[in-house]
Structures are given as C-alpha cells and as structure tokens.
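Visitor: Can you keep this structure in mind? I'll have questions shortly.
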Amino acid sequence: MPDKILDDISHRRYNPLTDSWLLVSPHRTKRPWQGQQEGAAVTTLPEYDPKCYLCPGNSRAAGDQNPNYEQTFAFVNDYSAVKEQQPDYEVDQSSDDLESLLLRAQGVKGVCYVLTFSPKHNVTLADMSAKDILPTINHWTRLYANHLSPSNPLSAVAAQLQLPISKEEAPVPKDNYRYMQIFENKGAAMGCSNPHPHCQAWTTSTMPEEPGKELVQMAKYRQQHGRHLLADYIKLELAKEERVVWQNDSFVVVCPWWAIWPFEVLVLPKRHVRALVDLTADERLQLAEAIQEVTRRYDNLFECHFPYSSGIHQAPLDGTPEEIENAYFHMHFYPPLLRSATVKKFLVGFELMAEAQRDITPEQATIRLRACDGELYRNKLS
C-alpha cells in the first residue's frame, strides 16, 4: 500500500473505472456479528435431475425439449427480460416541458440467452478443469461473434476465428444490438433460481449503465494519457504484487484497489484485448484456467459452495472504431460472503444513501485468497 497507516485508519479509495469513491474501514473487522446469517447451501445434488429444465433431454418451461448435449447448450431464455419483437417507442425529447425533462423513457429491444456449463447437474465451475470450462468460453465467443454488427471492426477478426466444431451451434439474432452482457449468478444468496451450472447472456439495443460508465472512463483516460487505463493498472499491480492473487502467462487475477465486495476480484488479460474474439486459442484456455482458479479458491476459502455474481465487460457489439479500440476486456467477480459461509455483506444504510463501504482491505483479502490454493476442499472429503 502507499502508506501502511491505511491498514488501520478509515479512508476513501478511488475507482477510475467508474469515477467513484468508496469508504474503507479496516478497524471494523474486529466488531462482533449478531446479524443475519445465511443458511448453509445444499451440497448433495444428483448428476441428473429429471425435474431440472436445464438437464439434457428435459422439457423447459415453454415446452421445448433440451437436446442430449454433451458440453454446453445455449437457448433463448423462456422468461427474457427484453424482447426482439415489440412496438417501437419514440418520444420527442427536445421539448422543455416538465414531463419531457423529468419523466423520460427509452424503449429497449434485445434477446436473453441461457448457456449451461455442463450437462451434469451437480457440478460448478470450481469442480471443472480448465479444459472442461473451455467449451463454455468457446461458446461465449461464438455467441458474441454472431451478434457483432457488420460495421464493427471486430467483425473482421471474428470472421478469422477458428473455433472447435460444436454440436450445439450458438444462436443468431434477428437484429443488430448495442451490447452483450455475459454473467453468472451462482448460489441462492445471489438469486440463482436453478443450481444446474449455467450463465446468461443478455443483448440489448441500448448500452447498459455499468459497462457504459467504464467505457466512458477508459475513453477519457486514453485521450488524456495515450494509453489504456487497465493496461496501466495491470502494469502497476504486477510491479507492486500485493493485490495479485494469481497469474499465468496471459491473465492476472487481482483484488482491485477499489473493490467494494469483501473478496471481489478482477480478471485481466496482460495484453490489450478488446473482446472475446481477440483471444487466441491458447488465451481462451488460459482464461478458463483463471476462472477455475478464482472459483476453486472461493470455495476453499470458507469450505462451501461460494456464491457470487460474475460478468464480462468488453467492446460493444455496435460502436465506432474509436469506441471499440478504447475497450479493454475484463471479468468481474462480486461475492457477498464476508466472515464465513453464513455471514454475508449487505449493501444497505450508508452504502445505499451515501457511498460504498468495506471493512477488510483488498490487500488482506488477497492474502486470504492466495492461501486457498490447492485441491478443492470437497474432493478431499470423498
């Protein structure tokens, strides 16, 4: 840290990705906890569940039947948050009347996908090897490539992709969209409605708030300094090492300086990668290795099925050449657990009304996660 005194005093830290601040209160880690505790997650699941709408061969809510897939499978969400077919909503926003100023709305079209990680109902990414995770990353890449606007400079890169042939082809959209958000909610504590290992990909005609804020900040930084914000940040973290959890030749996992969640991590490529389609075959495998390392260490930390929300931020599907070039691929992991398998962090009170706050410092979290290397804890129990 810049000054060891920050280990003991309350202070604020700046997040250059979102142009925001958070309060850090390391002295509060000693306070007793008498609040809510989460129930321990169920850990015994069958390899196949005849009632699960994600297992191979089963029927889904809308009546469609899943194929007997062997690796990954993607389909349009039966309960999509956005739709491809709906009336256009056009409103004149140029008027200065109060309704136009204060009651603004914007129509959003899109399509939401569900993508399974494995045909097995009882595994998570932490249980899978990097080679087992790789087909999911390949499928993410196909899905992203299929949705790129023809005018996007990345379309030419996507056309040269050589991905392994898959029995389950990635869906193709009916329209061009602005952004694709790939994310996973793992565990009931994060609102996951089905324990079968899966993620989602939502494509929208508008730019969502979080990646939009990051793209604005990355553009400003590059304009001011002539370099990429995250490239400079990686250089700094690799030199200092105190927040580096793990790394391989292509990726580094850090507990970011500005982390809000207790054991939040950021997965970053060591070279400028704009989007999934920029990754080489070896880099996709090394990304799978990074994801496996993060999720295994999470589970080992409190010896539980560690809940989290994770997501990929990358270049838009449709954007100017400059906007695409400003983008820097990265993956966020936001886990809620704080002290044990049953005590989680709540974003309430001061954090809702004022600004984000954390107790354990990212440097302390890094030390804890580094120590969670090794075999997955539950494999030692069997």
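Counting begins at 1 with the first residue displayed.
Yeah, the Cβs are placed from backbone N, Cα and C, and that goes for glycine too.
Just lifted these from Swiss-Prot, have a look:
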- C52, C55, H121, H196: Zn(2+) binding site (BINDING)
- A61, N77, D78, N185, Q200, K345, F346, L347, V348, F350, E351: UDP-alpha-D-glucose binding site (BINDING)
- H198: active site, tele-UMP-histidine intermediate (ACT_SITE)
- E214, H313, H330, H332: Fe cation binding site (BINDING)
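Tell me about the setting of these features in this model.
Guide: Every protein chain shown contributes to the tally, and the Cβ of C52 (Zn(2+) binding site) ends up with 17 other Cβ atoms within 10 Å.
Mapped onto three states, the DSSP output places E351 (UDP-alpha-D-glucose binding site) in helix. Every protein chain shown contributes to the tally, and the Cβ of E351 (UDP-alpha-D-glucose binding site) ends up with 16 other Cβ atoms within 10 Å.
Note on H198 (active site, tele-UMP-histidine intermediate): other Cβ atoms within 10 Å of its Cβ, all shown chains, come to 20.
Under the three-state DSSP scheme, H313 (Fe cation binding site) falls in the strand class. There are 23 other CB atoms within 10 A of the CB of H313 (Fe cation binding site), with all protein chains counted.
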Visitor: Going by C-alpha positions, which of the binding-site residues (A61, H330, V348, E351) is nearest H196 (Zn(2+) binding site)?
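Guide: Minimum Cα distance from H196 (Zn(2+) binding site) across A61, H330, V348, E351 lands on A61.
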Visitor: I need the neighbours of the Zn(2+) site defined by C52, C55, H121, H196. Which other residues of that chain put their C-beta within 8 angstroms of the C-beta centroid, in sequence order?
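Guide: Close Cβ neighbours, site residues excluded: Y48, D49, Y53, L54, N58, K120, N194, P195.
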Visitor: Rounded to an integer, what is the Cα-Cα distance in Å between E351 (UDP-alpha-D-glucose binding site) and H332 (Fe cation binding site)?
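Guide: H332 (Fe cation binding site) has its Cα 20 Å from the Cα of E351 (UDP-alpha-D-glucose binding site).
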Visitor: Rounded to a whole angstrom, what is the C-alpha distance between F346 (UDP-alpha-D-glucose binding site) and H332 (Fe cation binding site)?
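Guide: Computed Cα spacing between F346 (UDP-alpha-D-glucose binding site) and H332 (Fe cation binding site) is 18 Å.
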